[in-house]
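Participant: This structure is in structure tokens; I'll ask about it shortly.
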Amino acid sequence: MTDTPDPAAVSSPAIKAAVLSEALPYIRRFHGKTIVVKYGGNAMTEERLQRSFAHDVVLLKLVGLNPVVVHGGGPQIDDALRRIGKQGTFVQGMRVTDAETMEVVEWVLGGQVQQDIVMMINEVGGKAVGLTGKDGMLIQARKKLMANKENPQEPIDIGFVGDITQVEPAVVKALQDDQFIPVISPIGYGEDGTAYNINADVVAGKMAEVLGAEKLLMMTNTPGVLDKSGKLLRSLSAQTIDELFADGTISGGMLPKIASSLDAAKNGVNSVHIVDGRVPHCLLLEILTDQGVGTMISSH
């Protein structure tokens, strides 16, 4: 039988020193590099995980990395919709967004959720600034039509949901240069000023590509990508992903997450990971330790 570790021993100065020593080569390797984090799931709704996330982001910035946060907010949007008597519906993992829902999305993501994240990071010593797609023309978009498997000639209209047409990273780079931590809401804007709801995983993937990020980390509510038996898949190739799409192993909200991760890997992001946001300090574990957590996505 294995003895239960003594908590005092685990938190001893020697253990802490060993952890710092393990992190040093990673700090050196990733110094000055951009790390894009898709922040969502339980990590956004449980206080201990919120604080863990904020501390991780601030520490990464303090040791010389450049974290960029792209946040979701699905549960918060659902709560706001319920208060006005609406229920959210989804097609292929994308939220159907009529005009009234779009107003709620803008208010929740660009206001309440974003400001909560900014304040949380600032309270633990960071300097965070909130952005939406409108700021500096950051995220330009057009209406998205979903593929209709039953009738390919008639795509599915899901309302004010957008496809990204262009990302202008200048405002993000300027904030990074001035030691700020950008916090980006996944709202894009069309040429006529129309606001579009864009899946946060898609925004995170595209932001990582355009910024030339070293790493893209997608936080989720599972240990990573699981096979049909519930076993964690430590790494996924492009071919394996196609197979998992085809047999339905990857479905629902995981579809845009994996598709965006694979696109990022194919377009120059050196390392893409699906990480378990329920694990405290999952960002530090993935970036600054030998072990890491979750599933690595490869374009090969």
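Yeah, the Cβs are placed from backbone N, Cα and C, and that goes for glycine too.
Found this in Swiss-Prot, in case it helps:
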BINDING   GLY73, GLY74, ARG95, ASN197  substrate binding site
SITE      LYS38  site 'Transition state stabilizer'
SITE      LYS257  site 'Transition state stabilizer'
Participant: Around the substrate site (GLY73, GLY74, ARG95, ASN197), what further same-chain residues have their C-beta within 8 angstroms of the site's C-beta centre?
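Facilitator: Going along the sequence, the neighbours come out as GLY72, ILE77, GLY88, THR97, VAL105, VAL108, LEU109, PRO186, ASN199, ALA200.
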Participant: Express the distance between the Cα positions of LYS38 (site 'Transition state stabilizer') and GLY73 (substrate binding site) as a whole number of Å.
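Facilitator: LYS38 (site 'Transition state stabilizer') and GLY73 (substrate binding site) have their Cα atoms 11 Å apart.
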Participant: Per 10 Å Cβ neighbour count, which of the binding-site residues GLY73, GLY74 ranks highest?
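Facilitator: Of the binding-site residues GLY73, GLY74, the most buried by Cβ count within 10 Å is GLY73.
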Participant: If you run the three-state DSSP split on GLY73 (substrate binding site), which class comes out?
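Facilitator: GLY73 (substrate binding site) sits in coil per DSSP, no helix or strand.
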Participant: Tell me the Cβ contacts of ASN197 (substrate binding site) under 8 Å, same chain only and six or more apart in sequence, or just say none.
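Facilitator: Same-chain residues close to ASN197 (substrate binding site) (Cβ under 8 Å, separated by 6 or more) are ARG95, THR97, THR101, MET102, VAL105, PHE160, VAL161, GLY162, PRO186, ILE187.
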Participant: Between LYS38, LYS257, which of the recorded sites has the fewest other CB atoms within 10 angstroms in the structure shown?
Facilitator: LYS257
